[in-house]
Structure formats: C-alpha cells, structure tokens
Amino acid sequence: SFTISLRTVDNTILMIKQKPGGSLGCNIRVKNFIRPELKIKPGENVTFSFTCSTPEKYFIVEIQKNIDCVSGPCPFGDVHLYPPGLPRLNRTFIWDVKASTKAGLELKFSTPWLRQIEPGEMCPDSVSYSINSSIDKATVNIGTFCRNGSVSRVKLLGGVIMSLRLPWDSPLNTSGFSIANRASIKLLNGESSITLMSPNYPLGFPEDELMTWQFVVPSNMRASVFFHNYSLSNCERKEERVEYYLPNSFSNPEVFKLSDSQPANIAGSFNLSLQGCDQDAQNPGILRLLFQVVVQHPQIDENVTHLVDLSKEWNMSVTIHFEGWPSRLPLMSDPMCLICKDPRTCDRVLTLVSGAVYKISFLCKDLSRLRITAEKGISCVDLRWCQRKIYSLLVPKAITQLPIQLHRFIWKLLASDLINIEITSPSLKLQQHVPEQRCNTSYSYSIVSATPKMEFNVGVFCPGGSIEKIQMRDNVTISLKTFGKGFLNESMHQDLKMSFVPHIKDECSFTVSPDPKAKVYLQTPNWPYGLPPYVSISWFVAVPSKQVARLGFSKDRLGVACETGRAYLNIKEETQGAEEIVCREDELLPKPRNMYHNFWVNISNCKPVDRTQLTLQFQVTFADKQIDLGVILAVVAGGGVLTAIGLTVCCVKKKKKKSQNPMVGVYNTNVNTEMPRKQGLFTKGRKNNESHVYAVIDDAMVYGHLLKESNGSAAPEVDVYRPFDGPMGSLPPSPPPLSFRKHIKRSSNTEEPPPLMDTEQDAYTFAHQKSGQLEDNKDTAEKNNGDTGTSLLGNKEQDGLVE
C-alpha cells in the first residue's frame, strides 16, 4: 500500500487515473472501497493500494502545483518533485505559475540543458518538458524540450505552465530547473547546433506579439542563423519581420524578411526577435517559424576569397551546394559547410547568376562535401539568325578553377518549330554507353530530347568513340556529369559543339565515322524502355574506302508486337543502284552481312501492344577488302569489258509468256549501231514500246553461274545494272509505301537468287526505280538492234524484280 499526505500550504492536487484507452483490468482500493480513479486534495492524507501487481500498465499519475506570484512573493529557486513516495507510474508534474505581464519569469535549467523538438517527436529517454506561456486567459505553447541540448534559460512575460513527464521506470528525482527573475539567455558553448520554434508551433504565432531569443556566443566562435520552415499570416497593419541586434553593427536593429538569407558568421552574442502583425480577421493565416543556429570555430581559409567571373556569360546560373542536394535536405546533425558571397551572407546552398563577378569564401572544414551544379540556356527562334552559328558546349574556367568538384553542367537547348538541334564532336567523337562497351572516362553526357508531352532519352555518351554527329528534333537537354577528380585535366580537351539546323525527318539521326580498326556497338535510344510509338531513328555509318564493314544484330527479330501500324528495319548502302533491305517486326532480321560502302540503318516503330517495347542493339566491325579472283575472271570472260567499270545492266520483270522458261535479254544503252533516219517513218517510238528489250539471249552470254561459284564472298568489280535512283543524298532510307508493301509476297515455287551477299531469307530487297527511267533512250531502230551487253545475272526471278 501507499500513503500520500498533501500539505495545505503546498496547494498541490494529485490524480491517479486510467491510461487513455486502457482497460479496466486493475482498480484502486481505499480502505474497503474499490475505485477506478483517485483524487487527493491539499490537506488530505490517503492510504491506498492496487488490485493488480502491475499498475503501471493501467494507471498514470498527475501532480499539479499552483503558484501565485501576483498576490504574493514568488518562490524563486529550485523546483522540487513533490510529494515523495509516489507509486511507480508514468508521472506528469505540472507547475501553474501566475505572474504579472509587467514582470518576466525565467526558467533556468541545470545541465545538460534542453533542446527543442518538433511536435510529435519523442525524446530518447522519454523525459520531456513542455513550456506554455499564460497571459490573462490565453495560453501559448512555447515548445517541447528534451534533455541534452543548448537551451539554458527561458524568460516569459506573464504566467507559465511548466510540465515534466517521466516514465514509470525513470530514476530522475529532481525537476532540473529553477524559477528566477532575470533576462532570458540561450547559451551556445563550443561547436553546437540548436533548433528553435516560434510559440504555438506549428500552429500560429499570436497576433501582433513579439518573441525574442538571446544568444550568448563565446568570442572565439562564429554563429549562423538558418530558417528551415516558415509561413506568413495575412497582415492588415504592420509587417511580419525578424530583427537582429548584432555585434559591431552600425544599424541595429537590422531588419530582415523571413524570406531573406539570414545573417551568418556572427562574431559575438546577438538577439533575434520575431515580430507579428495585425492579422486579417476574416483570413488571419498562420505565422510560424522553425530555425537553426549553428556555432562553429572560425575556419582557417574563411578570409580566402575565390573570384568567380560570370560577367561575360549569358543565361547561366551556378549553384554551390552540399552533397546530395536537392534530393536530400541537410540534416540538423550534418557537419556545417557554408558558402559566403560576403562576410555576412552565407548559406549551405549559394546560387550565382551570369552577368556579375563574385568573391566567395567557404566556412567549411571539408570542401570535398561540396559540389557545383551549373545550368546554361541556348535558344533559337529564327533560323536565319542562328543557323550558321556554332556554340561550344564547354565548362567555363570560372567553374573549373574553384576548389570544388563539378557535379553536373546542364545545357538546355530550346528551338522553335521546324528548327532542330545538331550535336557534333569533331575530334574526340562520342561513344554510346552500352553494356558491351561501357564508358570509363571521368565525365559523360546524358542527352534527352523533350516535348511538353514526351521525354525521349537519347542515351549516355562519353568522349573517345565513333559518333561524330547527332541530330535531334524538339528541345534538348545535355547533362555533363563528372566521375572522380580526373575531369579537371580531361576538361581541357572538350570539343562538344552545337548548332541549329533545319527540320529533319527522323526523331533522331546519328552519323558514325569509326576508326578502321574500331568495333562499334550501337543501340536504340530510350534504352531499356523502348522507342516511343511511331518514332523513327537513323544511323549513317561511314565505311573507309579500303575497308569492308560487317553489320550484325544482337537478336533475330525486332521483338515488338504492334497494335497499330508496322515496325520496320531498313538497311541501304549509299551507292548508286544499291539494294535496300526491309524487315518487318514479324520477320527475321538479316544475318551478319558485309557492307562495302557508306550505309544507312533505319528503325521505325509502330504503336506497340502493351508491355512490348522496341529495343535493338547492333555492332559494326571492319576488315580490309579482299579481291575475289573468280569474279574478275568472270568479267574478263564477258568480252573484255574491263574498261566498262560502272556499266549497269537492268532486268525488269516482264509479264509471263506462254513459255515455261522465258529467255532473258540484255541491252547496252551506251552503244548506238543504227543509221540516222527520219522520225516520221515510225508511228511508235522505242521510248513507247518494249522492242529494245531482247526476249532471247545466247546461253554463252550468261555468267550467273560464276557468281554462284564465288559464293558471294566479294562484290564484282563491274556492278550489276540497277535502275538509276537519281543523285544520292544524305537522307536515310525509308520503309516502302503501303501500296507497294501489299504486293510483296513470296512465291512458293520461286527459286532463291544467287547469294551475292550474306542476307537473311526473310528480308526483302528493293531497287527503287523512277518512272520513265527506261524510256528515255532516243528512238533508233526497231528491226535491227545492234546493242551489245554483258550479263552477270541468271534467270532467277523474284517478285517485283529479276536479279
């Protein structure tokens, strides 16, 4: 059992009551009565016991002491825990002190002092203090505090309600504070950090009230103030502000807005006051403030200034920040690292803008924790003004000379409609970062093309590759990211350039100029998420004159299922009469094949079925050209036409005759054996009929079997005739028109053509023929044709062509 005796002069009331939300599994026995709660008033002496062995699970005890400092003397001095002999329950001691608003009360705390915590935060030892100010009938919550902090004293006008909460097993037997009548002091001793909040935080600060924090800073330390969270009320009169009384200031008090950067590197003690305003009665809003004061030793290099000259830069900003910004906010416990643009303006994050010169210094023991992120904008509205201008995408020396690691430099390239962006790297060239060929340089470029509705990740690239040029539509963001400390040396050799160009057909186009001994790996942009619907990508690969390129794909199909439209792969060499390989998404991709001239690779996407994406990788390797003697002998046997290199022979598919095996005719358009004659003798010219195409040719003139013997290992020196495609331009190949695709069907009884090159059987080949191309020869004679020709073709027939 327990016996508690309360003296009348102590003016103390004790309540033992059930825990909030607890069960009635235990009661209080007083004499022969069972009670769920017990209240002991001043002057009473009560003996009681519990009906269970663990009452701390069911009960709490509150002890409230009322102190009147208005009608009588105030009991200054240490505050004791009273009464003694309490049961081991969770205890809350409450001291309600009434005082005049003309005289302030001071709560002085013994070491290890206190630290303020945010609402809902718990103290590690579960021992907490709550301080409320009481003016007339209004109560304002000053804050909740834990032990082990920097708050030594708190002064309030009017009364105070002080609460101390102790867990049932706490060994603490003293209150830890005393009541005094002195000025309030926040003492910061040694390197430390303190977080403080305005009264009633996070609720509103009382209207038109004044809150002052006084900080005593040792002479050998420096203090800095940081506002981490605040909001403003709606003022009708006056203005919310903070006022500082700073040492050695000629304009005390110095007035700041809550949105301003607050004073830093303060040498000596200072006061900080928060002043409210007269609020709008209909919509008062909330004035609240959470701030931090950091005290640290003066830094050795705090007087060392670094010149950052951005006067000649345009549309650029430079931000110096702590590691992890902006995704991670600084923790209160993080080592303080400050950047100052003048002795009093310091912060953890400092942004410098172009067009000005700065002298910055650092209050930081470890500069390796700081980073630089810069951003520059380049735009073009009228192509006439910016088409011929070349912009160098280089990191300015004003940034690289700072003793801080560059984290990222971002170029935002903005272009209006029908204006596209071209990125070049003439000397270093670029390498695409792919699993088979990873970047190992000290920096890389991430390139993203974006529209208001879609963001298209072109890829990650680093210097030292084979990509000479990238053309992109829409706005483009290029982010240079550094790795390690080697960037300072490698940045001296940057050569990335940018220019604005007219509209391009594809979403993105790459120009690849590999070294003859290089092995190039390339992959579709937006890896690994796949190309967006209906996007077309092109690669132009330059093949050295004495080299042959080997093109191979990483998988056998495009691997996408189309909901709408078709996906296509196109391959075409940039040479007159070259065949074009077209593969649909449901067909096999070509097997590795040799490319003897510069060539295009084009990929066009459809609208994929959900959860299927178009992603493709391919590689290009190079080897020296090999001469095929069998092909040369075949040309020699064709009648000594070595001088006719470049001669072309064309066979156009004819309507089938009654004969099961029609002969194939050839002609030579460069030889005219006819006598001049009058035009009027013929009612129908050669350009309007087909009399110039021979239906029969002697078998001795057919050399297709020689190509079979050569196994297609090398292209003949005398090319096979193709219909003329017109002047070769720089545009990539495109899929065949829809009207043409409908007629492309493979016949079941059609023989395969001779293997001129390593091609996949499921790939279609096309030679685009311009209308009227075979009818442009002048009419000579119909009866006697002296045309001679050399055929390198057999009579193997394909749909749409005879090769």
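Glycine residues also receive a Cβ, built from the backbone N, Cα and C atoms like all the rest.
According to TrEMBL, the features are:
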- 78-181: domain 'CDCP1 second and fifth CUB' (DOMAIN)
- 188-283: domain 'CDCP1 third and sixth CUB' (DOMAIN)
- 307-395: domain 'CDCP1 fourth CUB' (DOMAIN)
- 402-491: domain 'CDCP1 second and fifth CUB' (DOMAIN)
- 506-617: domain 'CDCP1 third and sixth CUB' (DOMAIN)
- 747-803: region 'Disordered' (REGION)
- 629-652: transmembrane segment (TRANSMEM)
**Prompt:** Per DSSP, what is the residue count of the domain 'CDCP1 third and sixth CUB' (188-283) in each of helix, strand and coil?
**Reply:** 0 helix, 45 strand, 51 coil
**Fill in**
DSSP tally for the domain 'CDCP1 second and fifth CUB' (78-181), helix/strand/coil in that order, comes to 0 helix, 56 strand, 48 coil
**Asked** For the domain 'CDCP1 fourth CUB' (307-395), what does DSSP give as the number of helix, strand and coil residues?
**Response** 7 helix, 42 strand, 40 coil
**Request:** Could you tell me how many residues in the domain 'CDCP1 second and fifth CUB' (402-491) are helical, how many are strand and how many are coil under DSSP?
**Result:** 5 helix, 53 strand, 32 coil
**Request:** Would you mind splitting the domain 'CDCP1 third and sixth CUB' (506-617) into helix, strand and coil residue counts from DSSP?
**Result:** 0 helix, 49 strand, 63 coil
**Mean predicted confidence [pLDDT] for the domain 'CDCP1 third and sixth CUB' (188-283)** = 88
